[in-house]
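What follows is one structure encoded as C-alpha coordinates, with my remarks underneath.
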(Lines of atoms letter the chains of each structure in order from A and count residues from 1; the text may use other names and numbers.)
(Lines give C-alpha, C1' and ligand atoms only; values in the text may rest on other atoms or scores of the structure.)
Protein backbone atom coordinates (compact mmCIF):
# COMPACT_ATOMS: atom_id res chain seq x y z
CA UNK A 1 0.00 0.00 0.00
CA UNK A 2 1.13 3.55 -0.84
CA UNK A 3 4.25 2.33 -2.67
CA UNK A 4 3.78 4.98 -5.36
CA UNK A 5 3.35 7.72 -2.75
CA UNK A 6 6.56 6.52 -1.11
CA UNK A 7 8.43 6.90 -4.40
CA UNK A 8 6.93 10.25 -5.43
CA UNK A 9 6.50 12.08 -2.12
CA UNK A 10 8.33 10.65 0.91
CA UNK A 11 7.09 13.49 3.13
CA UNK A 12 3.42 12.70 2.52
CA UNK A 13 4.21 8.99 2.81
CA UNK A 14 5.58 9.74 6.28
CA UNK A 15 2.34 11.56 7.16
CA UNK A 16 0.25 8.58 5.99
CA UNK A 17 2.29 6.05 7.95
CA UNK A 18 2.37 8.13 11.14
CA UNK A 19 -1.37 8.82 11.00
CA UNK A 20 -1.99 5.10 10.47
CA UNK A 21 0.11 4.41 13.58
CA UNK A 22 -1.81 7.02 15.57
CA UNK A 23 -5.13 5.44 14.64
CA UNK A 24 -3.88 1.88 15.14
CA UNK A 25 -2.35 2.39 18.58
CA UNK A 26 -4.51 5.17 20.05
CA UNK A 27 -7.98 5.21 21.57
CA UNK A 28 -10.27 7.33 19.40
CA UNK A 29 -13.15 8.72 21.48
CA UNK A 30 -14.12 11.76 19.42
CA UNK A 31 -17.85 11.24 18.85
CA UNK A 32 -17.80 12.42 15.23
CA UNK A 33 -14.98 10.09 14.19
CA UNK A 34 -15.00 6.48 13.07
CA UNK A 35 -12.92 4.02 11.05
CA UNK A 36 -14.04 3.36 7.47
CA UNK A 37 -13.69 -0.15 6.07
CA UNK A 38 -10.93 -0.89 3.58
CA UNK A 39 -13.67 -1.36 0.94
CA UNK A 40 -14.75 2.25 1.50
CA UNK A 41 -11.14 3.48 1.59
CA UNK A 42 -10.22 1.62 -1.63
CA UNK A 43 -13.23 3.09 -3.44
CA UNK A 44 -12.32 6.61 -2.32
CA UNK A 45 -8.80 6.09 -3.65
CA UNK A 46 -9.99 4.82 -7.04
CA UNK A 47 -9.76 6.20 -10.59
CA UNK A 48 -13.32 7.51 -10.24
CA UNK A 49 -11.68 10.67 -8.91
CA UNK A 50 -10.65 11.43 -12.52
CA UNK A 51 -14.22 11.81 -13.80
CA UNK A 52 -16.15 15.06 -14.09
CA UNK A 53 -19.92 14.50 -13.95
CA UNK A 54 -21.75 17.80 -13.50
CA UNK A 55 -25.49 17.22 -13.31
CA UNK A 56 -27.34 14.06 -12.26
CA UNK A 57 -27.48 10.48 -13.60
CA UNK A 58 -28.69 10.39 -17.22
CA UNK A 59 -28.64 14.24 -17.26
CA UNK A 60 -24.94 15.11 -17.29
CA UNK A 61 -23.11 18.03 -18.88
CA UNK A 62 -20.24 15.71 -19.84
CA UNK A 63 -19.92 12.53 -21.87
CA UNK A 64 -18.39 9.29 -20.65
CA UNK A 65 -20.57 9.06 -17.55
CA UNK A 66 -21.99 5.55 -18.03
CA UNK A 67 -20.21 4.03 -15.04
CA UNK A 68 -20.29 6.99 -12.69
CA UNK A 69 -24.03 7.19 -13.39
CA UNK A 70 -24.28 3.59 -12.25
CA UNK A 71 -22.32 4.38 -9.07
CA UNK A 72 -24.55 7.35 -8.20
CA UNK A 73 -27.73 5.42 -8.99
CA UNK A 74 -26.62 2.66 -6.62
CA UNK A 75 -25.85 5.20 -3.90
CA UNK A 76 -29.26 6.88 -4.32
CA UNK A 77 -31.25 3.64 -4.35
CA UNK A 78 -29.40 2.25 -1.33
CA UNK A 79 -29.80 5.47 0.66
CA UNK A 80 -33.54 5.50 -0.07
CA UNK A 81 -33.89 1.86 0.96
CA UNK A 82 -31.75 2.26 4.07
CA UNK A 83 -33.71 5.20 5.47
CA UNK A 84 -37.14 4.63 3.92
CA UNK A 85 -36.99 7.79 1.79
CA UNK A 86 -38.62 8.52 -1.55
CA UNK A 87 -35.87 10.91 -2.64
CA UNK A 88 -32.14 11.11 -1.90
CA UNK A 89 -29.38 13.47 -3.00
CA UNK A 90 -25.94 11.94 -2.45
CA UNK A 91 -23.89 14.77 -3.98
CA UNK A 92 -23.26 17.11 -0.99
CA UNK A 93 -19.53 17.27 -0.29
CA UNK A 94 -20.20 17.55 3.46
CA UNK A 95 -22.87 17.87 6.10
CA UNK A 96 -22.40 21.64 6.05
CA UNK A 97 -23.04 21.69 2.28
CA UNK A 98 -26.15 19.55 2.80
CA UNK A 99 -27.47 21.99 5.41
CA UNK A 100 -26.67 25.00 3.25
CA UNK A 101 -28.52 23.42 0.32
CA UNK A 102 -31.67 22.86 2.37
CA UNK A 103 -31.63 26.39 3.79
CA UNK A 104 -31.23 27.95 0.35
CA UNK A 105 -33.83 25.64 -1.19
CA UNK A 106 -36.52 26.42 1.39
CA UNK A 107 -35.76 29.97 2.58
CA UNK A 108 -34.53 33.32 1.31
CA UNK A 109 -31.58 35.28 2.75
CA UNK A 110 -32.86 37.26 5.72
CA UNK A 111 -35.58 34.74 6.58
CA UNK A 112 -35.72 33.40 10.14
CA UNK A 113 -34.47 29.94 11.06
CA UNK A 114 -34.43 28.29 14.48
CA UNK A 115 -31.68 25.93 15.60
CA UNK A 116 -30.16 24.60 18.79
CA UNK A 117 -27.62 26.93 20.37
CA UNK A 118 -24.03 25.80 19.83
CA UNK A 119 -23.27 26.01 23.56
CA UNK A 120 -26.26 23.79 24.35
CA UNK A 121 -25.29 21.02 21.91
CA UNK A 122 -26.14 22.38 18.46
CA UNK A 123 -23.86 22.68 15.43
CA UNK A 124 -22.14 25.64 13.77
CA UNK A 125 -24.41 25.31 10.75
CA UNK A 126 -27.56 25.59 12.86
CA UNK A 127 -27.20 29.35 13.08
CA UNK A 128 -23.95 30.16 14.89
CA UNK A 129 -23.02 33.85 14.27
CA UNK A 130 -19.58 32.92 12.90
CA UNK A 131 -21.07 30.48 10.36
CA UNK A 132 -22.71 31.17 6.96
CA UNK A 133 -26.04 30.13 8.50
CA UNK A 134 -25.80 32.93 11.04
CA UNK A 135 -24.69 35.49 8.46
CA UNK A 136 -27.26 34.77 5.72
CA UNK A 137 -30.32 34.21 7.91
CA UNK A 138 -31.88 35.75 10.97
CA UNK A 139 -31.35 33.13 13.67
CA UNK A 140 -33.38 32.39 16.77
CA UNK A 141 -31.50 29.86 18.93
CA UNK A 142 -33.22 27.51 21.35
CA UNK A 143 -31.59 25.50 24.11
CA UNK A 144 -32.04 23.00 26.89
CA UNK A 145 -33.76 23.33 30.23
CA UNK A 146 -30.88 24.12 32.58
CA UNK A 147 -32.20 21.75 35.24
CA UNK A 148 -32.87 18.68 33.09
CA UNK A 149 -30.33 19.63 30.38
CA UNK A 150 -32.75 18.27 27.78
CA UNK A 151 -34.53 20.24 25.05
CA UNK A 152 -37.16 22.59 26.45
CA UNK A 153 -39.98 21.94 23.94
CA UNK A 154 -42.28 24.49 25.56
CA UNK A 155 -39.61 27.14 25.05
CA UNK A 156 -39.10 25.99 21.44
CA UNK A 157 -42.85 26.44 20.85
CA UNK A 158 -42.89 29.85 22.53
CA UNK A 159 -39.99 31.08 20.39
CA UNK A 160 -41.54 29.65 17.22
CA UNK A 161 -44.87 31.36 17.89
CA UNK A 162 -43.09 34.64 18.57
CA UNK A 163 -40.65 34.64 15.64
CA UNK A 164 -42.48 32.58 12.97
CA UNK A 165 -39.38 30.91 11.48
CA UNK A 166 -39.28 29.58 7.92
CA UNK A 167 -37.24 26.55 9.02
CA UNK A 168 -36.89 24.82 12.40
CA UNK A 169 -33.76 22.69 12.72
CA UNK A 170 -33.65 19.71 15.07
CA UNK A 171 -30.46 17.76 15.76
CA UNK A 172 -27.08 18.63 17.21
CA UNK A 173 -23.43 17.74 17.58
CA UNK A 174 -23.28 17.30 21.35
CA UNK A 175 -26.79 16.29 22.44
CA UNK A 176 -26.97 12.83 23.97
CA UNK A 177 -30.72 12.27 24.18
CA UNK A 178 -33.32 11.05 21.68
CA UNK A 179 -35.14 14.04 20.19
CA UNK A 180 -38.94 14.16 20.08
CA UNK A 181 -39.38 14.68 16.32
CA UNK A 182 -43.16 14.43 16.60
CA UNK A 183 -43.23 17.37 18.99
CA UNK A 184 -40.97 19.38 16.71
CA UNK A 185 -43.24 18.68 13.71
CA UNK A 186 -46.31 19.76 15.68
CA UNK A 187 -44.57 23.06 16.52
CA UNK A 188 -43.45 23.51 12.90
CA UNK A 189 -46.98 22.89 11.60
CA UNK A 190 -48.42 25.32 14.12
CA UNK A 191 -46.29 28.18 12.76
CA UNK A 192 -46.14 27.09 9.11
CA UNK A 193 -42.43 26.23 9.19
CA UNK A 194 -40.45 23.47 7.53
CA UNK A 195 -38.93 20.93 9.92
CA UNK A 196 -35.39 19.98 9.00
CA UNK A 197 -33.60 17.29 11.00
CA UNK A 198 -29.80 17.08 10.94
CA UNK A 199 -29.10 13.46 11.84
CA UNK A 200 -25.38 13.58 11.03
CA UNK A 201 -24.43 12.18 14.42
CA UNK A 202 -27.01 9.44 14.83
CA UNK A 203 -27.64 8.36 11.21
CA UNK A 204 -26.01 4.98 11.81
CA UNK A 205 -28.35 4.32 14.73
CA UNK A 206 -31.33 5.23 12.53
CA UNK A 207 -30.09 2.95 9.73
CA UNK A 208 -29.86 0.08 12.22
CA UNK A 209 -33.40 0.69 13.47
CA UNK A 210 -32.40 1.43 17.07
CA UNK A 211 -33.18 5.16 16.95
CA UNK A 212 -36.40 6.86 15.77
CA UNK A 213 -36.32 7.70 12.06
CA UNK A 214 -36.73 11.49 11.67
CA UNK A 215 -38.15 11.04 8.16
CA UNK A 216 -41.40 9.99 9.77
CA UNK A 217 -41.95 13.61 10.82
CA UNK A 218 -39.40 15.87 9.11
CA UNK A 219 -39.98 17.62 5.80
CA UNK A 220 -36.32 17.05 5.01
CA UNK A 221 -33.38 15.27 6.67
CA UNK A 222 -29.67 15.95 6.27
CA UNK A 223 -26.72 13.85 7.33
CA UNK A 224 -23.05 13.16 6.99
CA UNK A 225 -21.91 9.71 5.90
CA UNK A 226 -18.74 9.38 7.97
CA UNK A 227 -19.77 9.39 11.64
CA UNK A 228 -21.91 6.55 12.97
CA UNK A 229 -22.59 5.54 9.33
CA UNK A 230 -18.89 4.67 9.07
CA UNK A 231 -18.54 5.72 5.44
CA UNK A 232 -16.51 8.31 3.50
CA UNK A 233 -16.51 11.98 4.45
CA UNK A 234 -19.54 13.49 2.75
CA UNK A 235 -23.15 14.64 2.99
CA UNK A 236 -26.64 13.32 2.24
CA UNK A 237 -30.13 14.84 1.90
CA UNK A 238 -33.36 12.82 2.21
CA UNK A 239 -37.02 13.74 1.79
CA UNK A 240 -40.40 12.26 0.91
CA UNK A 241 -41.64 15.48 -0.68
CA UNK A 242 -41.17 15.73 -4.49
CA UNK A 243 -41.24 19.54 -4.50
CA UNK A 244 -38.57 19.75 -1.80
CA UNK A 245 -36.51 17.13 -3.64
CA UNK A 246 -36.66 19.20 -6.84
CA UNK A 247 -35.67 22.39 -5.01
CA UNK A 248 -32.80 20.65 -3.20
CA UNK A 249 -31.44 19.10 -6.40
CA UNK A 250 -31.38 22.51 -8.11
CA UNK A 251 -29.72 24.10 -5.09
CA UNK A 252 -26.96 21.49 -4.92
CA UNK A 253 -26.31 21.73 -8.67
CA UNK A 254 -25.93 24.25 -10.14
CA UNK A 255 -26.64 26.28 -6.99
CA UNK A 256 -23.74 25.67 -4.62
CA UNK A 257 -21.64 22.87 -6.15
CA UNK A 258 -20.16 22.02 -9.53
CA UNK A 259 -18.75 18.59 -10.26
CA UNK A 260 -19.68 15.91 -7.73
CA UNK A 261 -16.94 13.79 -6.13
CA UNK A 262 -17.66 10.51 -7.90
CA UNK A 263 -15.05 8.52 -5.96
CA UNK A 264 -16.74 9.62 -2.73
CA UNK A 265 -20.27 8.98 -4.04
CA UNK A 266 -19.24 5.42 -5.00
CA UNK A 267 -17.78 4.99 -1.51
CA UNK A 268 -21.10 6.20 -0.07
CA UNK A 269 -22.79 3.40 -2.04
CA UNK A 270 -20.41 0.89 -0.44
CA UNK A 271 -21.10 2.35 3.00
CA UNK A 272 -24.89 2.12 2.52
CA UNK A 273 -24.54 -1.53 1.47
CA UNK A 274 -22.48 -2.28 4.58
CA UNK A 275 -25.14 -0.54 6.70
CA UNK A 276 -27.81 -2.97 5.49
CA UNK A 277 -26.11 -5.98 7.08
CA UNK A 278 -27.01 -7.74 10.31
CA UNK A 279 -23.43 -7.15 11.46
CA UNK A 280 -23.97 -3.39 11.19
CA UNK A 281 -27.12 -3.58 13.34
CA UNK A 282 -25.22 -5.52 16.00
CA UNK A 283 -22.43 -2.95 15.81
CA UNK A 284 -24.79 -0.01 16.38
CA UNK A 285 -26.46 -1.77 19.30
CA UNK A 286 -23.03 -2.23 20.85
CA UNK A 287 -22.13 1.43 20.23
CA UNK A 288 -25.07 2.51 22.41
CA UNK A 289 -24.41 -0.14 25.06
CA UNK A 290 -20.79 1.00 25.23
CA UNK A 291 -21.75 4.68 25.57
CA UNK A 292 -24.21 3.93 28.38
CA UNK A 293 -21.66 1.74 30.17
CA UNK A 294 -18.85 4.27 29.95
CA UNK A 295 -21.09 7.11 31.12
CA UNK A 296 -22.08 4.98 34.14
CA UNK A 297 -18.42 4.28 34.90
CA UNK A 298 -17.67 8.01 34.93
CA UNK A 299 -20.58 8.62 37.28
CA UNK A 300 -19.25 5.93 39.64
CA UNK A 301 -15.97 7.84 39.74
CA UNK A 302 -17.62 11.11 40.73
CA UNK A 303 -17.99 12.81 37.35
CA UNK A 304 -21.16 14.62 36.35
CA UNK A 305 -22.67 13.55 33.04
CA UNK A 306 -24.71 16.25 31.29
CA UNK A 307 -28.45 15.33 31.33
CA UNK A 308 -27.58 12.38 33.59
CA UNK A 309 -26.65 9.91 30.85
CA UNK A 310 -27.12 9.08 27.17
CA UNK A 311 -29.52 7.42 24.72
CA UNK A 312 -27.06 7.49 21.84
CA UNK A 313 -23.39 7.08 20.90
CA UNK A 314 -22.06 10.05 22.87
CA UNK A 315 -22.15 11.83 26.20
CA UNK A 316 -20.78 15.02 27.75
CA UNK A 317 -18.67 15.01 30.89
CA UNK A 318 -18.86 18.15 33.04
CA UNK A 319 -15.38 18.59 34.52
CA UNK A 320 -16.28 21.54 36.75
CA UNK A 321 -16.46 19.43 39.95
CA UNK A 322 -12.97 18.09 39.14
CA UNK A 323 -11.54 21.61 38.78
CA UNK A 324 -10.03 20.96 35.35
CA UNK A 325 -10.86 22.59 32.01
CA UNK A 326 -11.88 20.76 28.86
CA UNK A 327 -8.80 22.14 27.13
CA UNK A 328 -6.44 20.76 29.78
CA UNK A 329 -8.26 17.41 29.80
CA UNK A 330 -8.04 17.07 26.01
CA UNK A 331 -4.29 17.79 26.03
CA UNK A 332 -3.62 15.52 29.00
CA UNK A 333 -5.45 12.58 27.45
CA UNK A 334 -3.86 13.08 24.04
CA UNK A 335 -0.41 12.89 25.64
CA UNK A 336 -1.39 9.37 26.77
CA UNK A 337 -2.83 8.21 23.43
CA UNK A 338 -6.51 8.91 24.17
CA UNK A 339 -8.31 11.36 21.86
CA UNK A 340 -11.39 13.31 22.99
CA UNK A 341 -12.47 16.89 22.34
CA UNK A 342 -13.10 19.76 24.72
CA UNK A 343 -16.74 20.81 24.63
CA UNK A 344 -18.92 23.52 26.06
CA UNK A 345 -21.68 22.47 28.44
CA UNK A 346 -25.09 24.05 29.08
CA UNK A 347 -24.73 27.29 31.04
CA UNK A 348 -21.05 27.39 30.07
CA UNK A 349 -18.91 29.96 31.93
CA UNK A 350 -15.71 29.53 29.91
CA UNK A 351 -14.85 30.31 26.29
CA UNK A 352 -15.33 27.49 23.74
CA UNK A 353 -11.55 27.42 23.31
CA UNK A 354 -11.20 26.39 26.96
CA UNK A 355 -14.62 24.88 27.83
CA UNK A 356 -15.75 23.07 30.98
CA UNK A 357 -16.44 19.67 29.48
CA UNK A 358 -15.29 16.93 27.17
CA UNK A 359 -17.36 15.06 24.61
CA UNK A 360 -16.87 11.30 24.42
CA UNK A 361 -18.20 8.93 21.76
CA UNK A 362 -17.96 5.17 21.31
CA UNK A 363 -18.34 4.54 17.52
CA UNK A 364 -14.61 4.20 16.78
CA UNK A 365 -13.64 1.97 19.72
CA UNK A 366 -16.71 -0.20 19.02
CA UNK A 367 -15.57 -0.61 15.40
CA UNK A 368 -12.44 -2.22 16.86
CA UNK A 369 -14.64 -4.81 18.60
CA UNK A 370 -14.47 -3.41 22.13
CA UNK A 371 -17.39 -4.03 24.49
CA UNK A 372 -18.56 -3.08 28.00
CA UNK A 373 -15.55 -4.58 29.77
CA UNK A 374 -13.19 -2.38 27.76
CA UNK A 375 -15.37 0.69 28.40
CA UNK A 376 -14.82 0.21 32.12
CA UNK A 377 -11.07 -0.05 31.55
CA UNK A 378 -11.04 3.08 29.37
CA UNK A 379 -13.03 5.10 31.93
CA UNK A 380 -10.62 4.00 34.64
CA UNK A 381 -7.61 5.12 32.56
CA UNK A 382 -9.19 8.49 31.75
CA UNK A 383 -9.94 9.06 35.42
CA UNK A 384 -6.36 8.17 36.33
CA UNK A 385 -5.02 10.71 33.83
CA UNK A 386 -7.41 13.51 34.82
CA UNK A 387 -6.65 12.94 38.50
CA UNK A 388 -2.96 13.52 37.81
CA UNK A 389 -2.95 16.69 35.72
CA UNK A 390 -0.50 19.14 37.24
CA UNK A 391 -1.27 22.41 35.43
CA UNK A 392 -3.70 24.21 33.13
CA UNK A 393 -1.66 23.12 30.09
CA UNK A 394 -2.69 19.51 30.66
CA UNK A 395 0.68 18.25 31.87
CA UNK A 396 0.37 14.74 33.34
CA UNK A 397 2.65 13.29 36.01
CA UNK A 398 5.36 11.41 34.04
CA UNK A 399 4.85 8.06 35.77
CA UNK A 400 1.10 8.17 35.12
CA UNK A 401 1.57 9.21 31.50
CA UNK A 402 3.99 6.34 30.97
CA UNK A 403 1.70 3.80 32.63
CA UNK A 404 -1.46 4.84 30.77
CA UNK A 405 0.30 5.15 27.40
CA UNK A 406 1.53 1.58 27.81
CA UNK A 407 -1.94 0.33 28.76
CA UNK A 408 -3.54 2.13 25.82
CA UNK A 409 -1.07 0.52 23.41
CA UNK A 410 -1.68 -2.93 24.89
CA UNK A 411 -5.46 -2.50 24.68
CA UNK A 412 -5.27 -1.40 21.04
CA UNK A 413 -3.02 -4.34 20.19
CA UNK A 414 -5.70 -6.67 21.58
CA UNK A 415 -8.20 -5.10 19.16
CA UNK A 416 -6.28 -4.47 15.92
CA UNK A 417 -7.74 -2.04 13.41
CA UNK A 418 -5.93 -2.04 10.05
CA UNK A 419 -2.64 -3.62 11.12
CA UNK A 420 -3.41 -7.17 9.99
CA UNK A 421 -5.10 -6.06 6.75
CA UNK A 422 -2.54 -3.76 5.16
CA UNK A 423 0.41 -5.14 3.20
CA UNK A 424 3.71 -3.42 2.62
CA UNK A 425 3.56 -0.89 5.46
CA UNK A 426 5.48 -1.51 8.68
CA UNK A 427 3.68 -0.12 11.72
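Cβ from N, Cα, C; glycine included.
Among the features that Swiss-Prot reports, (6S)-5,6,7,8-tetrahydrofolate binding site is placed at 118, 122, 123, 124, 351, 352, 353. Long-range Cβ proximity for residue 124 ((6S)-5,6,7,8-tetrahydrofolate binding site), meaning a same-chain Cβ under 8 A and a gap of 6 or more residues, is found for 96, 118, 130, 131, 133. Classification of residue 124 ((6S)-5,6,7,8-tetrahydrofolate binding site) by DSSP places it within a helix.
For residue 227 (N6-(pyridoxal phosphate)lysine), the number of other Cβ atoms no farther than 10 Å from its own Cβ, over all displayed protein chains, is 27. The feature N6-(pyridoxal phosphate)lysine is assigned by Swiss-Prot to 227.
Annotation for residue 226 (site 'Plays an important role in substrate specificity'): same-chain Cβ neighbours under 8 Å, separated by at least 6 residues, are 34, 36, 232, 233, 234. Taken from Swiss-Prot, the feature site 'Plays an important role in substrate specificity' covers 226, and the record attributes it to sequence analysis.
Counting other C-beta atoms within 10 Å of each candidate's C-beta, the binding-site residues 122, 352 are led by 122. Pairwise Cα distances among 118, 122, 123, 124, 351, 352, 353, the recorded (6S)-5,6,7,8-tetrahydrofolate-binding residues, top out at 16 Å. The C-beta environment of residue 353 ((6S)-5,6,7,8-tetrahydrofolate binding site), restricted to residues of the same chain at least 6 apart in sequence and closer than 8 Å, consists of 327.
Here the CA atom of residue 227 (N6-(pyridoxal phosphate)lysine) lies 14 Å from the CA atom of residue 123 ((6S)-5,6,7,8-tetrahydrofolate binding site).
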